[in-house]
Amino acid sequence: MKLFEDLQWRGLVKQYSSDSLIEKLNNGKLTFYIGTDPTADSLHLGHYSSFLIAKRLAKYGHQPIILIGGATALVGDPRGTSERDLAEQEKIFDNFEKLKNQIQKIFPYEIVNNYDWTKNIMAIDFLREFGKHITAGYMSNKELVKRQFATGISFTEFSYMLLQGMDFYHLFTTKGVTLQIAGSDQWGNMTTGIDLVRKKTGEEVFAMTMPLITDEEGKKFGKSEGNAIWISENKNTPEELHNFLLNVSDDIVISLLKKLTFLSRKDIEEIESRHKNGTGYAQGILADTVTFDIHGVSINKK
């Protein structure tokens, strides 16, 4: 099965910026990045599902880079509702180190911190080299920004998408990155990066988003929703992760098997054919597989 076909079958593709990306994914060799801001000291299950795509693409010969946004975390991503409180710099730096150590155990790829290339940029240089390429009207039309105008948005959060666009430009010019992958809530920020690279270099780069992982009620797995399941053993033990997955509903268990495991299409379709609602058969396989992949332990249930 071709890579893009597998990603679509697993429900891991929501938007992509150009049809030519399909050919590059299936037959080319791309350097791509996926990232998170260190606003917490651990990945949660929603992050894990997104970061798994790095492994999926790496298996087909593509080169992943993982970005931890030390700079963007200090600014705060617009939520489309209300202004975030600014995080303390010391806390962000501490979170970065903890995330880096955690990520390296599961995803053995190069890790970069956008604080490293933004910390010494002067305000004048930022405005001249980057701000002049993106208009206020363009930024105001992004969906998250439009929604937040009702309650007010600071210039700090308004500038977040430009900082993320700078990341794409920096990684393109220094590491040859031509693809950014993220959750679907980041689409507006990602297309800003595409436009910034095109305007500054004349080159085409790409973006692809994944649907956010949600529960049976449509709520995403994340700390902003208050239902995060953490990867760190200090926040959720392997047993707690296992129990959570054992109790997911029949409505979403097959979808989670596709998104959270490397089980083949043949294996998952066989599990689906054998699964009967209320038996917990598919949930058991999901819980055992994901817990072992993350923590390297098997949970014996009597």
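Cβ atoms are placed via backbone N, Cα and C, with glycine included.
Between the listed ranges 100-104, 215-219, 220-224, 265-269, Swiss-Prot ties the annotation motif ''KMSKS' region' to 220-224. Looking at 38-47, 128-137, 238-247, 288-297, the stretch flagged in Swiss-Prot as motif ''HIGH' region' turns out to be 38-47. Around Tyr33 (L-tyrosine binding site), taking its Cβ as the centre, 24 other Cβ atoms fall within 10 Å, counting all chains.
Residues Tyr33, Tyr160, Gln164 are listed as the L-tyrosine binders, and the farthest two of them sit 18 Å apart at their Cα atoms. Across the residues of the motif ''HIGH' region' (38-47), the predicted structure has a mean pLDDT of 92.
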